[in-house]
Amino acid sequence: MTNIRKTHPLMKIVNNAFIDLPAPSNISSWWNFGSLLGICLILQILTGLFLAMHYTSDTTMAFSSVTHICRDVNYGWIIRYMHANGASMFFICLFMHVGRGLYYGSYTFLETWNIGVILLLTTMATAFMGYVLPWGQMSFWGATVITNLLSAIPYIGMDLVEWIWGGFSVDKATLTRFFAFHFILPFIIAALAMVHLLFLHETGSNNPTGIPSDADXIPFHPYYTIKDILGAMLLILTLMLLVLFTPDLLGDPDNYTPANPLNTPPHIKPEWYFLFAYAILRSIPNKLGGVLALXLSILILVLVPLLHTSKQRSMMFRPISQCMFWILVADLLTLTWIGGQPVEHPYIIIGQLASIMYFLIILVMMPVASTIENNLLKWK
């Protein structure tokens, strides 16, 4: 008799996705981040659910309800900090996952890649709205500044902003709708992640060499289940070290002050994982130009498959492209640092140069490097 996991309609889906899935025999630890993102998402949904049981989305009570969770709810403090720092872990895994895709040419799986970009944008929107919910100073002013960017859209801009606000400023209506969206979006992310996996399993995984691995595939279980469990343990260890020893390391002290529309904080800045995009936004003196650059800094990922000029898929055997990739990583770290600095000399010019470099590397230098490598190998 055939095993039930291969015949049962539901178990068959799980079996083909996580047990009998043929996987390349040589995928490295960079392939662990997909499963880690799944774990992060489940963790965020669970901790978020328990926080929502005690949170009140009213401007007069939001800040107090978060304080109440930390002080009076059983283990409320650990749930709150696991949720806040879980978001940071989520973005670390996301950046690693996208970086892996760029380095090893996984973006040639077009549907998988494009759904991944949509997932990234949805996750960024979710994180932004979540940051508004505690209704601290940085929550309020962050919401005001970022939503205000839409007013740069010609003709309909201001109407659009007031429609999103639900009034003439960030107020009760804004907080309530942000809570509603912040609650529903993770479930949409989960659904999109399933579609992401569906398209991935149509082609099978890429591998570090970029060479088709059909001739040498191994079952996902037990080889990669055990590898993913190791990754999960390291992820949870890192998260709990953050939560239990330095829970406020990545937060902003200003958010421990209740929101006050009459008092602007000296430096308005988002959470660390948005700083690179924030630096690109600030580096352009024109409002509409900055907004366009902000959107393009993420949407440029959609263009990456079109800019692939190399005859090889992966960067494993392409040293010049490797140099370009790591310069891009250094540039993104520079932008992240600049995003957290005040708008003054020399940070302004450093931010502008780093922003120009970011677009230049992706749009010009990487395709040129690939063409040079093709010519060196006489692969016209």
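Glycine is no exception: its Cβ is also placed from the backbone N, Cα and C atoms.
What Swiss-Prot records for this protein:
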- 33-53: transmembrane segment (TRANSMEM)
- 77-98: transmembrane segment (TRANSMEM)
- HIS83, HIS182: heme b b562 binding site (BINDING)
- HIS97, HIS196: heme b b566 binding site (BINDING)
- 113-133: transmembrane segment (TRANSMEM)
- 178-198: transmembrane segment (TRANSMEM)
- HIS201: ubiquinone binding site (BINDING)
- 226-246: transmembrane segment (TRANSMEM)
- 288-308: transmembrane segment (TRANSMEM)
- 320-340: transmembrane segment (TRANSMEM)
- 347-367: transmembrane segment (TRANSMEM)
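Structure with Swiss-Prot features highlighted.
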residue : record                   : CB count, 10 Å
HIS83   : heme b b562 binding site : 21
HIS97   : heme b b566 binding site : 20
HIS182  : heme b b562 binding site : 21
HIS196  : heme b b566 binding site : 21
HIS201  : ubiquinone binding site  : 14
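Among the binding-site residues HIS83, HIS97, HIS182, none has a Cα sitting within 10 Å of the Cα of HIS201 (ubiquinone binding site).
Among 77-98, 113-133, 178-198, 320-340, 347-367, 77-98 has the largest number of CB pairs under 8 A with the transmembrane segment (226-246). A contact links the transmembrane segment (178-198) to the transmembrane segment (33-53), because at least 3 Cβ pairs that are 6 or more residues apart lie under 8 A. If one looks beyond the transmembrane segment (320-340) by at least 6 residues along the same chain, the residues whose Cβ comes under 8 Å of a Cβ in the stretch are 99, 102-103, 269-270, 272, 274-280, 282, 310, 347, 350-351, 354-355, 357-358, 361-362, 365-366, 369-370, 372-373. Using a Cβ-Cβ cut-off under 8 Å and counting only residues 6 or more beyond its ends in the same chain, the transmembrane segment (113-133) has close neighbours at 55, 57, 62, 66, 87, 90-91, 94, 97-98, 101, 106-107, 139-140, 142-143, 146, 174-175, 178-179, 181-182, 185-186, 188-189, 192-193, 195-196, 199, 270-271, 273-274, 298-299, 301-302, 304-305. Same-chain residues lying 6+ beyond the ends of the transmembrane segment (33-53) with a Cβ under 8 Å from its Cβ atoms: 69, 79-80, 82-83, 86-87, 89-90, 93-94, 96-97, 100, 182-183, 186-187, 189-190, 193, 228, 231-232, 235-236. It is 20 Å from the Cα atom of HIS83 (heme b b562 binding site) to that of HIS97 (heme b b566 binding site). The CA atom of HIS182 (heme b b562 binding site) is located 23 Å away from the CA atom of HIS97 (heme b b566 binding site).
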